[in-house]
Amino acid sequence: MPYCLNDIKNNFNEEKIKDLIKQYQPPFWVYDANIIYKKIKLLQEFDVIRFAQKSCSNIHILRLMKNKNVKVDAVSLGEIQRALLSGFKHNTNDIVFTADILDDKTLSQVVNFNIPVNAGSLDMLEQLGKASSGHNVWLRINPGFGYGHSKKTNTGGENSKHGIWDPLLAIPIIKKYQLKLIGLHMHIGSGVNYIHLKKVCKSMIENVIKLNQKISSISAGGGLPIPYKFNEKPINIKKYFILWDLARKEISKFLGKKIELEIEPGRFLVAESGILISQVWSVKKMGNKNFVLVDVGFNDLMRPAMYGSYHHISVISGDNRNIDEKKTIKTVIAGPLCESGDIFTQKEGGTIQTRLLPIIKKGDYLIFHDTGAYGASMSSNYNTRPLIPEILLKNDNVMLIRRRQKIEEILSLEI
Ligand SMILES: *Cc1c(COP(=O)(O)O)cnc(C)c1O
């Protein structure tokens, strides 16, 4: 949920942000550890909280998760290395590797470190079995339907590349290589609709019955939404838990054993903990449209350009004038990239929108809210723009947890 910057009780308030701006040259990302802790607490009823690190993979964020007993999901070799570096242990279930393919390098890492694999294809299951008989595996199931905040985040159904369509076909492979089947996993997409969720839970139960294997866990995947707008309601975690808990109990009864319930959120844990601070370098009229240009682009914050995502934007004046929140004009917010789609106020599909914002001047700062998830972790070097710093607030401590990348570091790959 966006925070009102005028409220001194919020850790993200105008004064604090102005201090940070003085100390660190914008643009940069800021996270507040306390917000992450609060979100972790909300999920305490689940047996295992497994952080989908792709949403925010900085090792300092991972360490903070580890300290709160949160486990981690890795979806690449790089993410496995991040997890190990952050203190998650190999030879345990601290890290689960989720993917639909296994290349040679990743396979050998997963085998050497004995990291459980959540298999999204029969091919990778076969490969793993050949290389590491007895390995711990999960099956990621595509239940044949999906859901998501955008077509691009729908992770089930015939149009999704994720998961195994007919998990019955996995059983002979598991038997052949004596793989140890730990659990079944369904990650159906970002967003929650409780009717849809019931369908997912029902499908999980049906799959367990159909496969009839002595698993010990089920995973509800991620996809828990957060309110990106002031008027949106947060998800009812109680209700979410109850539905999955009922499924777990039914599965437990059917198999005659205790079943652990895992949840695997990314966005839910970190989105609200982060903001992006940018500066305005140009205000210009294009016919009747008012454009405000900032020093971050979709190479930094990709979500608006990729999905048409909404991020609340607030203004902090650069010249100490009072911002009149009531006097607003229709504004387009754009970045510096040499690419016309570099617009933060757009709908899915790329239609440019205006946002009612106070009068903005060159030199002001724009704050993009709720950018802790799929913000820094989705950034790229497009237009040869270096990655920007990440800063972590932990009570009264301010830590630079990623320094600004140097242009020479980008170029050095090619020299
Ligand atoms: C991305 C992903 C998640 C997290 O999704 P959120 O919408 O951020 O909660 C969980 N599990 C897997 C396997 C994922 O790929």
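Note that Cβ sites are derived from N, Cα and C of the backbone, with glycine treated the same way.
Keep in mind that TrEMBL annotations are predicted by a computer and have not been checked by a curator.
If you look up TrEMBL, you'll see 28-372 marked as domain 'Orn/DAP/Arg decarboxylase 2 C-terminal'.
Residues or ranges marked as domain 'Orn/DAP/Arg decarboxylase 2 N-terminal' in TrEMBL: 41-271. For the domain 'Orn/DAP/Arg decarboxylase 2 N-terminal' (41-271), the model's pLDDT averages out at 94.
The annotation N6-(pyridoxal phosphate)lysine is assigned in TrEMBL to K54. Counting every protein chain shown, the number of other Cβ atoms lying within 10 Å of the Cβ of K54 (N6-(pyridoxal phosphate)lysine) is 18. Under the three-state DSSP scheme, K54 (N6-(pyridoxal phosphate)lysine) falls in the helix class.
What TrEMBL records for G223, E264, P265, G266, R267, Y374 is pyridoxal 5'-phosphate binding site. In this structure, P265 (pyridoxal 5'-phosphate binding site) belongs to neither helix nor strand by DSSP; it is coil. Other Cβ atoms within 10 Å of the Cβ of P265 (pyridoxal 5'-phosphate binding site) number 29 in total over all chains.
As annotated by TrEMBL, substrate binding site applies to R267, R303, Y307, E339, Y374.
According to TrEMBL, the feature active site, proton donor maps to C338. In the three-state DSSP reading, C338 (active site, proton donor) counts as coil.
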Looking at the recorded positions G223, P265, G266, Y307, C338, E339, which have a C-beta within less than 6 Å of some atom in ligand 1?
-> G223, P265, G266
Spatial separation of G223 (pyridoxal 5'-phosphate binding site) from E339 (substrate binding site) - C-alpha basis, Å | 30
Closest by Cα to G266 (pyridoxal 5'-phosphate binding site), out of the recorded positions K54, R303, Y307, C338, is K54
Pairwise CA distance, R267 (pyridoxal 5'-phosphate binding site) versus Y307 (substrate binding site), rounded so that it is a whole Å = 15
